[in-house]
Amino acid sequence: MADVTVKQLAQVVGIPVERLLNQLQEAGLSFTDDQQTVNEEQKRILLNHLKGSSNRDISAAPERITLRRKSMSQVTVGHDMHSGKTVNIEVRKKKTFIKRSAIPEQAEVEEPVVPPVVEEPVHEEITVVSEVSAETPELKETEEHPVIEPVAELDETVKEEEKINSEENTAESQDELTHANTDVIENLVDVVEETIPVSKKEEVKPEKVSKKKHLEQTDSDISEFKKGKKKPKYHTFEHDEEEQELHRRGGRSKFKKKKGTEKSDKYREAEETLTHGFALPTAPIVREVLIPETITVAELAKRMSVKAAEVIKVMMSLGAMATINQVIDQETSVIVVEEMGHKPIIIKEDAVETGLGEAISKGTKTEGRAPVVTIMGHVDHGKTSLLDYIRRTKVAAGEAGGITQHIGAYHVSTPKGNITFLDTPGHAAFTAMRARGAQATDIVILIVAADDGVKPQTIEAIQHAKAAKVPIIVAINKMDKPDADPERVMNELSVQEVIPEAWGGDTMFVNISAKSGMGIDDLLDAILLQSEVLELKAVTDGAAKGVVIESRLDKGRGPVATVLVQSGTLHKGDILLAGFQYGRVRALVSDNGDLVDSAGPSIPVEVLGLSAIPHAGDEAVVVPDEKKAREVALFRQGRFRDVKLARRQKTTIEGIMENMTATESKVLNIVLKADVQGSLEAISDALTKLSTDEVKVDVISSGVGGITESDVHLAIASNAILIGFNVRADGTAKRLAEQESVSIHYYSVIYDIVDQIKGALTGMLAPQFKEEIVGIAEVRDVFKSPKIGAIAGCMVIEGVVKRNNPIRVLRSNVVIYEGTLESLRRFKDDVLEVRQGFECGIGVKNYNDVKPGDLIEVFETVEIKRDL
């Protein structure tokens, strides 16, 4: 606090200006005007002066005060009120108050405990006017505590009482002065402590000595003191707490012994301490609960101030099972919080991600960039052949089976401009790869074969392009074939809301032939025209930012990621963060296989130097240093693990019943290795979709790279099928597989994997049986046989009745028995079967209650061929 005037200081302290001036002068400071400035040193001098005067006032106060009181009363002594005699009794009371500082303290300073006190036997002379004998009854001696200081005798003179009265008046005046000074000191200490802290040694808190208050509230203070509620300033020695009427009967009187120990006082004090002053809320308390992406049940209950058992009950009522330490996801947490009547607040723990965005240097130089074009369409409609013609290479011949199974990223320089092409797979298994291609592109070229028309993958490609809000250019391929019908293609595409410009729409249609090269130049012109309309621009300086198109594990080079740079410039030696992985860029390889030092916007390059294989579709950014990259990567890995665990543990009651029955279902374990990450995801997804309620496909391990010894060990331990897609096993893995009789299946086309796994699952299906009724016989009469029992004489009214087949006995179309046909005879001969229209005798095994009119239904069980 800065220097203030005397007037301002008086207002802060809360006393009149004249009084503050007097106190300043008493402290030795020359102040006469209220506009004079008081600095910090003068405030300290005034504070020390007031503390000293307070201490003197306290020391001047008497250390012990004795209070005496007399009271007169009349008591009737006798058998009744009329014949009894009245006795005048004088009762004297004496109470002594001793200052606490005069008694040695035995407890801690912070919370002093009342020292034990002993009351010496005191004799009171009582004048009794009656005819009763003048004997003084004996009073029992009270020894409540060990002796500390004897109490003065009560046979003192009236002068001492007057002296006490004068002491009381003096104490009252001193108390008023002390109280006033104390208030001033407290206010002044607050002012001084704003800038200069006062040490504990300098702090002196004067005790308030007020005799009048003690004398007025004696009874309440003593009762509170006994209960342990209050520690009085003075020790009270009370000789006659309860009025004891003493008659002069001779002898000496002693006080009654008061039973009460120090231990019981402590218990009373503890009970008083444990009682709280809070009232039970009458209205429900609605709390704002912060919910992160994952949270345990115990932590969620703590944030709602309820027990974890209550949260578990609510989750069970909602159909979800959980334990107190289980991690639940954000969606489940929000439902639980709302169900319990609180307000959920969703928070995103992305402080690290936000810091990453701030740390990335952003460029300012903007230039035009080449368009990124994705070629989409159905299988074998000529996507890669078109790109092959444009690049003048043989890409299609290099793909297994002639179909594309990777995302190919190529940068093509044409006489009219540069274009970056992304070639996506066309078959259904690569939906995720195709979706990633649409998200990273500017223009989509939809290839449709003129002789085949619109197919399911064609429709799916249209949906991806519309979802990404990317313009479409339709290329009608295979126009060199004689059965080409472009009008049919246009009609089918118009159904999918792709209207050609010739029909008044906004989609360009180009007729081409990837084999002969017809219309290729027109297609390139359409692409460049569309890019000019889009006005594609990107920042060329600053940190690079892009997307991972594909990734793989290359033998000798390690993890390799194909990155399409979208903004900035990627240099060799930069620290690149891609999803969960990071690393220093050791080399940049162009799509032609050349080593380059940098890559600008719309340029695809292969990056070497990452710590592991990133996921296709992950965002790749250049960060300032490796420390920041490691921090963000570890944060993402931890968050991904928590979210995955929460989703895995989200078990419903229905799921528990499924798991109970799932033990009976058969599982086909698979260890899968592929050459690139995108193919691995597509194969794993396609195989998982083959699962049914009876048989399941479990990809227990999947990875990018060759088959190693650890993969073979895992397949042996889990009894799994080992599949390699465009990869081979090393020598150690081959030898181990031969020793353990583990077969390794190699594939280069995804359809072959799906077909073989589907066949294996079909063989694992449990056989299904169907009952077929082969014949029905009507009972006409019943005969008794001593060997078999009841024999039913029947007429075969439908089909054929065969011996040893299972049968059912029907009475009024109700099945009353199911068993086996034991005996079948025609006349007296045993026969194997009886056809429709013939009579026969039928003996039912272990059943004799056959009556005329019953129907005997003969059936057999037939196995049905199962299929997925």
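The backbone N, Cα and C atoms fix where each Cβ goes, glycine too.
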Which residue range, 273-276, 453-456, 477-480, is the one Swiss-Prot calls region 'G4'? 477-480
Suppose you had to name the range Swiss-Prot annotates as region 'G3'; which of 391-394, 423-426, 691-694 would you pick? 423-426
Annotated region 'G2' segment (source Swiss-Prot; candidates 402-406, 637-641, 707-711, 822-826): 402-406
Average pLDDT across the region 'G2' (402-406), rounded to a whole number: 47
For Met479 (GTP binding site), which DSSP three-state class applies? coil
Which listed residue (Gly377, Asp380, Lys383, Met479) has most other Cβ within 10 Å, given these are binding-site residues: Lys383
Do you know the DSSP helix, strand and coil residue counts for the region 'G1' (377-384)? 2 helix, 1 strand, 5 coil
